[in-house]
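Some features that TrEMBL has for this protein:
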type: ACT_SITE; residues: B:Glu84; note: active site, proton donor
type: ACT_SITE; residues: B:Asp225; note: active site
type: ACT_SITE; residues: B:Glu318; note: active site, proton donor
type: ACT_SITE; residues: B:Glu339; note: active site
type: BINDING; residues: B:Thr442; note: Ca(2+) binding site
type: COMPBIAS; residues: B:486-510; note: compositional bias 'Basic and acidic residues'
type: REGION; residues: B:486-523; note: region 'Disordered'
Amino acid sequence: MTSVSSLIRVLLPKVQVLKEDEAREEIQRNHSSCRAKDVTMPAKLPVNFFSTRSPVIDLFRGQLDYADHLRQDSEIVLYFFYAPWCGQSIAAREEIERVASRLSDQVLFVAVNCWWNQGKCRKQKHFFYFPVIHLYHRSFGPIEYKGPMSAVYIEKFVRRVMTPLLYISSRSKLLDFLSNYEPGVLGYFEFNASPQPPGYLTFFTSALHSLKKDYLGTIRFGVITDKHVAEEISLVRSGSVYLHRHVNTSLIYPNDIMNYTAENICKWALENREMLIRWLRPHGGKSLLLNNELKKGPALLIFIPYNPLAEIHPLLDEITKVALEYHNCNKSQAAEPDLQHLGDTDSPAFDSSVPDAHMKLSETFSITKYPCCNTVVLPQWHSISRTHNVCELCINQTLGVKPNKVHVPHCNFLEIEAALDSFYLQEHTFFQVISNTIECSNFLSFYSPFSYYTACCRTVNRHFLSFISSEKTIFQTPKVAFSSHGKKGNTQHSIPHIEDRNCFIPDLHITGTNITGLSCRTNKTLNLYLLDSNLFWIYAERLGASRSTHLKEFAAIVDLKEEVHYVLDQNRSLVGSTLENFIKNFSILYSPLKRHLVDDPSVHFHEQRVITEVTTNTFHDTVFLSEKNVLLLYYAQWCGFCASLNHIFIQLARLLPPDNFTVARIDTTRNDLPWEFMTDRLPTILFFPHQRKEQSVKFPEDFSVNLPNLLKFILHHSSLSSSEPCTKECLHKETVLQQGHISHLEREIQKLRSEISALHQAHDQLEAQLSEARREEHRLQQQKHALEKQHKTLQLHSEQLQATYDQKNQELLEMAEKLQELADASENLLKENTLLRILVASREGRLQSKDEIKESLQSEQTLSEDNDVSVSTATATLEVKRIDNIDTIETEHSSGNRTE
Amino acid sequence: EPEERVRAMFYHAYEHYLESAFPYDELRPLTCDGQDTWGSFSLTLIDALDTLLILGNVSEFQRVVSVLQEGVDFDIDVNASVFETNIRVVGGLLSAHLLSKKAGVEVEVGWPCSGPLLRMAEEAARKLLPAFQTPTGMPYGTVNLLHGVNPGETPVTCTAGIGTFIVEFATLSHLTGDPVFEDVARKALKALWKNRSDIGLVGNHIDVITAKWVAQDAGIGAGVDSYFEYLVKGAILLQDKELMSMFLEYNKAIKNYTKFDDWYLWVQMYKGTVSMPVFQSLEAYWPGLQSLIGDVDNAMRTFLNYYTVWKQFGGLPEFYNIPQGYTVDKREGYPLRPELIESAMYLYRATRDPTLLELGRDAVESIEKISKVDCGFATIKDLRDHRLDNRMESFFLAETVKYLYLLFDPDNFIHNDGSVFDVVITPYGECVLNAGGYVFNTEAHPIDPAALHCCRKRKEEQWEVEDLMREFYSLKKNKKFTLQRAADHGEGERAKDPEDAPSEKGGEKRNFKKSSHSLLSCPSQSFNSKLAVLGQVFLDNT
């Protein structure tokens, strides 16, 4: 009976089954979304950043505590905090390694990964950039290094941290120290007392402190231990600190006003230091350095290759000398030759607390050497004398040795004689002399390879002071090629330059005409700056330095306010004298310097280009000298509005008759032009009509730039029209033009032909596509028919199936009914069976009782056997029918599923 | 050879995509399989297609073109972002179509005015058109590619989702001749312009039915960014003064209210008060955009600010709190976005400043060190600890790698300054193409502006040119030549001065300032720009 009820349940709605399927899908989807969301990966574990063989200790797991521990073992420690992904850190790694390999015996180099978030360093320090370099001098620190990431600069800085103080033990060392262009602070300490003189440690610390503030380390700190040496700069009391200045009065640290602390000394020195010439070292990040410096006024930028580790810097010394001279404004008062740098005894800025010290100072020494000069009155036959009659001849003696002597060298009569001779011989180098001017020239002496002389000539009957004030001086740099290059091999110092002094012919006061103190006498005072061309050559290139040059030396005067810059001729070597002349030429009222126009050297003239590319250098030739109408486009590559017009100008250039028209363009970002040809907006289109080049016209800005407009603009302004009666020449012209027109038309026809053929092709292509589409359509229609047929048959089939289904369903129900009936029947049969059995039993009982009647026994037995057989047959039939029934139901069910 | 490293990066990612993820939209680099993200278009393949050509791989370009022609179907029951589908799919297909001749694909005779990729782009774009059927003309954010806008779809769309169509749609219209695309794009742009606040700012999200601002944060980053970008790029591509004057007005308001110390913050669009002192990674496109219109000094200053953030983390967090100098909670990720590199490429064109190459070098190092995994490059989930996520967005190959490569390869054909060009004969006439000046859509797909003048070239203009040429060959000139104003130039109603709009807003302040120069021009660079390299910036004296 249970089997029947389960069978009936199978026939119940299929919805349940579908629900199960959905659930299965749901699970799958959950599974996939699970995969999508949650997969992440932690950052890779840190690995060695430096090689294991490197002298740098690499704490790549950021073990800052261990780093601190290491510090205790070494006097000087350099920490390199890096992030392994950081490009700057990677670039600096090599440089640090290079420094480490040179200094590892004295300095401990520790690199710390300060990025890994599990590391101590990341947890304790918060850097905004990498790498960060910190230095410690014993317990003092950290001193952050902020200079260029280049090994030589880093090494120099590390060395400064190692020995922040220079020991000045002798007079010559003192002179060396003081002659340096960088500001210097000196302390005098008597070391006879032990353990250390009072204040020394503070002074030492202030030297370290200054490295923190002034990472370029331009203030040098020195310590004098010898009483006699100290007296040279008038320091008598142990513990006094002295700031040396070249032009202004030197200062002594005011103990009574400011507390004697490391910070204060450092601050005082920074505030009062003299910056005659400054290094500019942009750090690469956003900075207003150049903005601030250049807005102070015109600036002379001098680019030289600089190695901070080099012992001597001859070129730098020479430039320094020019700078000193340029700023040396107290010259007129320096009556005595000795009073070179500290001569200003009456200066109001004089520090009253140490009056006697300065009185003494002023007489102590002279740093710069003196040339030997002589005034020569020119004889009448000398060609220069037509305009000038007095020359001052100065001999610059051997420069190989820095004069440590305090006194002026005496003039050697023979040398003067020799110089005079060669001066007369080289008379031809003076040319284009203009009266009322001073001419200066340098000559190499024929007699001594180590000396040269300078000649400055003028007319003596003029009042010299007048032209000092008017500054109408033109300095003609002689075109004579100095053999300075050759001489450089001999000695780095024997480079010709103007070395002029005021002290020799005091009554003439010729100092006003030269560089000395010029900065105070001109209203165009220059600020002087140095840039290391190894690091900042790009600025030189921007200002027009040649890219091809091997020697990276360059000088330019930049006047931001006037938006001009001047460039020192790069063909001339950068030496003191050329610099001096450069400065002088800038300073005078009617400056002969010409605004430098930077041009783009990468552009080469291409004949085959449809549009002519114009540069600064070719501008004049292409636009003004050509015999054509010129349409000139000012553009810049970066300007979106220019670049999108390219195709229009190309079309225009291809269209215009090339014999009469040039379409040209100039990239104004890379090419400067004279003011009158500059434009403030891009793109700008100018038209220069042939024969009226000076009457250029501008394409009006409120019209759209397209081909018809451009053609009309050109037609409107071009000079082709003439109303004069036709002459023979005109007829000739006409024919030429007509020929041009014919060829133009021929080109047009050619174009049209190709267009037609393109059209034909397109037509064919379309035709082909069309027929293919038609075929496709046909095919699709056929397919449609076929599909419809199929659809119909399928529908029929489905109807049939439905009918069968219904029928079967009906049958099934009937079957079920029959089954029920059968079941009932079988139950009845069973009952009957039992009844029969009872009957049989009772009969058997009766038979037994009737045993006594033996004659009737046999007939009774046969009857009961017959009955047994009929019952078993009935049960068997029933069983078979049931199985059949189940089969039908199952088939029914599955077919139902299928139709569904 | 940094460009070789970039090339290797590209192929590492691209080959793993093909191997493990194709035909899904994106590669999942941690599990080495694929997933559909923005539809089911094999998105990474479409997006990377033109990068292949920029790297010079012509044969693979050709292979992919044929794969796409067979494999991609837009008749699918998928809800797609209108914005993303446009910039990635339509933009990608359009640029591939325009570059296909250069890539050596055998093109139809009608190219560039017809072609299989163009037809695909058009088909995809048509699927998006139902979204524009709103009372305001501003499109819905999402559309079902098969059924159109779903009933019950939210009417709230972000500003960029409304104003980022003109580049692709105008290109489509110009190439196919069907104006419907450009028209809907313009209508949407105008609707935004009309709904700006009194102080001239637009918010972040708007209801496209009622035109009410739903999110009122105004800034230049997420949700707004490419709207401004497309005003400028549309102006350049179409020589359209109206779009440019809209941008310049916005630019003024942006400078007035959102700019602080070369950062751009988020402000309330009606009051102008600062709402979020945050820099977003997406905002880094701004310097590049500024350089396109000649504001190079400001661009460089802002760029240098952004670069410091990169140096702090090795990437740009989605949000960076400027006063705190750190990331913002839940916004610490860096999905290898291109914007800062994009700006570096534009700025390098303008300044040749080595600092920009340095950023490129930093980007290559960071991406390789942090996000490279066996199967590609993984999104950085958190910049604080450089945890990775199982995703590589398709813009990594479309944009990040492309801009990096272009930064390091100044001689790439994309940087063509007009010194070389192609001449193509079409049934519509002769065209000068590939003369440079490519306009990148916001997914870094370059569009050749010359192509827009190729297909719809009016016959009248040709005859006019012919007529004028005759004059050049005659001695006597009898005609007077007057130039046509830009306004007469068939731009019809759109040439109307956008200054009309303020009248309804009672904007009296706007009309007196009429600049004397053309809106479609850049200022020349100042003298001090010569020295504005290696981080040096100059304050202008004005």
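Here the Cβ of each residue, glycine as well, is placed from N, Cα and C on the backbone.
Quick caveat, the model's predicted, so the values are computed rather than measured.
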>> Please list, in sequence order, the residues in the chain of B:Glu84 (active site, proton donor) that are at least six apart in sequence and whose C-beta is under 8 Å away from its C-beta.
In response: B:Trp38
> Which of the three DSSP states, helix, strand or coil, fits B:Glu339 (active site)?
Replying inline: helix
>> So if I draw a 10 Å sphere around the Cβ of B:Asp225 (active site), how many other Cβ atoms end up inside it?
In response: 25
> Are there any residues in the same chain, six or more apart in sequence, whose C-beta is under 8 angstroms from the C-beta of B:Glu339 (active site), and if so which?
Replying inline: B:Ser281, B:Leu282, B:Glu283, B:Ala284, B:Tyr285, B:Gly288, B:Leu316
> When you measure from the Cβ of B:Glu318 (active site, proton donor), how many other Cβ atoms are you left with inside 10 Å?
Replying inline: 21
>> Tell me the coarse DSSP state (helix, strand, coil) of the residue listed as 'Ca(2+) binding site'.
In response: coil
> Sequence gap of 6 or more, C-beta under 8 Å: which same-chain residues meet both conditions with respect to B:Thr442 (Ca(2+) binding site)?
Replying inline: B:Ile87, B:Gly91, B:Thr164, B:Val167, B:Asp225, B:Ser226, B:Glu229, B:Tyr230, B:Tyr285
>> Taking DSSP as the reference, which of helix, strand or coil describes B:Glu84 (active site, proton donor)?
In response: helix
